[in-house]
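To start, the structure under review is shown below, and the notes come after it.
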Amino acid sequence: MGMNRVLVSQAAGGLAEYLKGYDKEPSIVIGYDGRKNSDVFARDTAEIMAGAGVKAYLLPRKLPTPVLAYAIQYFDTTAGVMVTASHNPPEDNGYKVYLGKANGGGQIVSPADKDIAALIDKVAAGNIQDLPRSDNYVVLNDEVVDAYITKTASLAKEPACDINYVYTAMHGVGYEVLSKTLAKAGLPQPHVVADQVWPDGTFPTVNFPNPEEKGALDLAIKVAKEKNAEFIIANDPDADRLAVAVPDAQGNWKSLHGNVVGCFLGWYLAKQYQGKQGTLACSLVSSPALAEIAKKYSFQSEETLTGFKYIGKVSGLLFGFEEALGYLVDPDKVRDKDGISAAIVFLDLVRNLKKQGKTLADYADEFTKEFGAYVSGQISIRVSDLSEIGKLMTALRNNPPAEIAGVKVAQFIDHIKTDRQSDILVFNLENGGRLIARPSGTEPKIKFYLDARGKDPKDADRVLAEFDEGVRHILRQDAYGKQDC
């Protein structure tokens, strides 16, 4: 069953009951993106919250998820809800819940998620017509949007004028806020992909509005070639993620891996924060290179479970990222990934490089000299029967390979048995490589994350290719039974 007003009403009713038990004077701020019925679902939520006695604020129009995340702290509300399905297909929609005050404005985690779910089930067992509604909620003006823009613009250290780049909003809500932030920061406006710059919940020009998907940046690349652009930046439809694409020496465009962008941003910010105390964090499946950056600049480093609901809760956080194009560059402002802020810091990095007469390619070379050549890959095995996921994870758990591609496994970690208590398997290799296996949280498949190191980028690519084939060879064995991988 897709998202509908009945489900939204049940969710809002259950969340309202939770908030009333959580805070003596509960309050909530509600946002929505440009997907079909997002505005309807947001108003339903506001009415039910107000009817339940929860003070409700509704953002003034379609806006990015990071603006909602910021509004929770700006108004010091008990909670926040964003109606969005991020980069999912057009027919999807979703309900993203945050807790403010003592929880810092991050996404809900256990046990709050389970407690809220139980209350939603209780509401669903009754008649939603019995839920009181009220129009006694506040429709906000642009004050909080302007405050977000001002705070985000301050991330740029200096103005710049000579950056030639392309931007696509992927039919989402990012462009208006990004454009105003660029103007405030004194950074140049991009060439835009006109067919994708304004919200359209049907996403007519892409198969999936996900900048990671093959072909999603085709129109942006076309504009970049016409404008002889240096690079492309893209937000996903709710603008909480950032993608970057660059041309190679032959003029062929390629997207930078999220680990590459994450380490570029992490290194840039680490140098700015030098002398401070704090933590650089990433999800467990993201690049181990961030820990090397933290070590060089005497910061703590931390690996969390997958998702910004965990990264955002890291104590003393200075910067966080996950390989799926999510970056948290300003933890004092929001405790969730923020594609607008990440774009500003990325552009400031480019500005800083230009000031030194350098390019992104030079920056990549310097990173390799400083920390080594890191590369990442992924193998996904889709299943038709969900039970196959458990069977494969059990086989790997009970019969872990002793070596992969001729390299010994130095350490095997089963996180079901650690304090993480999560279905994640980690294989650390003697040559510094790493394989992580985990079931997807959103799709019927198992994901294998591969990280490799080499003397230089070419050598690292060779090691990764051998690593990839080695993993596939193991999975084809009878013990694991994935002949088609």
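Residue numbers in this text run from 1 along the chain shown.
Glycine is treated like the rest: Cβ placed from N, Cα and C.
According to Swiss-Prot:
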- Ser86, Asp236, Asp238, Asp240: Mg(2+) binding site (BINDING)
- Ser86: active site, phosphoserine intermediate (ACT_SITE)
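Recorded features from Swiss-Prot, shown on the structure.
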residue	record	CB count, 10 Å
Ser86	Mg(2+) binding site	21
Asp236	Mg(2+) binding site	29
Asp238	Mg(2+) binding site	33
Asp240	Mg(2+) binding site	33
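The DSSP secondary structure for Asp240 (Mg(2+) binding site) is coil. Other than the site residues Ser86, Asp236, Asp238, Asp240, same-chain residues with C-beta atoms no more than 8 angstroms from the centre of those residues' C-beta atoms, the Mg(2+) site, are Asp33, Pro64, Thr65, Thr84, His87, Gly172, Asn235, Pro237, Ala239, Arg241, Gly339.
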